[in-house]
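To start, the structure itself, in structure tokens.
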Amino acid sequence: MGNCLSSSDQKEAKDRSVAIDKQIEEDSRKFKKECKILLLGSGESGKSTIVKQMKIIHQNGYTKDELLLYRLTVIKNLVDSAQAMVLALRKFKMEPEMPENRENVDAILQYRVDADPGATLDHAMARKVDSLWKDPIVPAIMERSSEFYLMDSAAYFFDNVNRIGQSDYVPNENDVLRARSKTTGISETRFNMGQLSIHLFDVGGQRSERKKWIHCFEAVTSIIFCVALSEYDQVLLEESGQNRMAESLVLFESVVNSRWFLRTSVILFLNKIDIFKQKIPKQPLSKYFPEYSGGPDINKAAKYILWRFTQTNRARLSIYPHLTQATDTSNIRLVFAAVKETILTNALKDSGIL
């Protein structure tokens with residue numbers, strides 16, 4: 001059958017097509033949409049750190065008064081970590097090699113942080129913690145860090161203990177990014193990314209908090225799901241016998257196959273890649289996931305963990321993975337440039353523009 005359209009009809013059709021394409025481009029440029037992003041993941045996966053990065057990147061960072069609000073948390077994190085080290089020494093029946101540290105450990109264990117927000121770390125205690133951290137026995141303890149709970153930022157705080165111990169100590173943004181306090185309930189952060197008005201909801205990661213997530217589930221544009229790659233050899237804070245990575249897999253499976261998220265894209269942050277790189281040569285992934293056969297190769301190990309997560313996606317949602325280091329502002333800035341494109345595309349589809 002011949003072509004029934006005249007040359008003038010064809011030109012008109014082509015012009016109309018070009019006009020439609022231009023209109024779509026114009027609509028996209030003018031497009032302004034509120035996007036609801038749900039930030040999910042198990043406890044200590046880095047969700048709250050991502051929220052802090054959004055404040056630094058998109059909300060002009062922290063004022064001095066806001067930084068001071070984190071001073072007590074930083075001091076508590078430091079002291080808790082030092083006490084965890086002392087308890088680990090006793091658990092493994094080890095003793096410090098430096099004589100002064102054999103006396104320091106009792107003082108560290110008995111030290112209590114003043115609950116007053118204006119409290120500072122005692123100078124003498126700061127020196128004791130610094131001395132313990134420099135003790136030759138410490139590497140032997142750290143080799144067994146998967147056998148006791150020690151927060152990821154412990155080494156960072158120990159390295160900065162003398163600065164933190166100053167009477168006029170004001171946390172900097174790096175301190176704030178590493179400060180850890182349990183997230184309870186639901187917090188909302190609002191910021192703009194280009195033509196997108198983002199409403200980012202951070203929900204508590206601990207088990208007791210998960211029943212509250214239901215309130216956030218309606219009309220979600222995207223989910224950002226955080227997984228700490230470094231947790232493959234760790235146990236849950238809530239239940240010492242449960243592997244953290246296995247728990248994250250169960251949680252991810254329940255999220256991606258939920259009836260609430262049938263049309264939602266999932267942005268998967270494989271977080272704490274820096275700690276993962278340090279840990280893989282020392283703690284074989286195959287010890288915890290026997291079917292893994294890639295050895296200490298960081299890329300193979302990360303790909304295997306990604307594969308484990310994507311295998312749970314029976315609902316066949318679109319999953320966009322990113323390797324992240326939530327404490328590194330430049331890394332998160334780059335990652336969110338890519339995330340913005342994903343969210344924008346989904347928002348345009350939801351609005352019928354694409």
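Even glycines carry a Cβ here, placed using N, Cα and C.
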Quiz prompt | Stretch carrying region 'G5 motif' according to Swiss-Prot (options 96-101, 162-167, 324-329) | solution = 324-329
Quiz item: Quick one: Cα separation, S181 (GTP binding site) versus S48 (Mg(2+) binding site), in Å?
Solution: 9
Quiz item: What does DSSP assign G41 (GTP binding site), in three states?
Solution: strand
Quiz item: Given the binding-site residues L177, V203, A326, which lie within 10 A of T183 (Mg(2+) binding site) by CA-CA distance?
Solution: V203
Quiz item: Per DSSP, what is the residue tally for the region 'G4 motif' (267-274) in helix, strand and coil?
Solution: 2 helix, 5 strand, 1 coil
Exercise. Tally every other Cβ atom lying within 10 Å of the Cβ atom of S181 (GTP binding site).
Key: 11
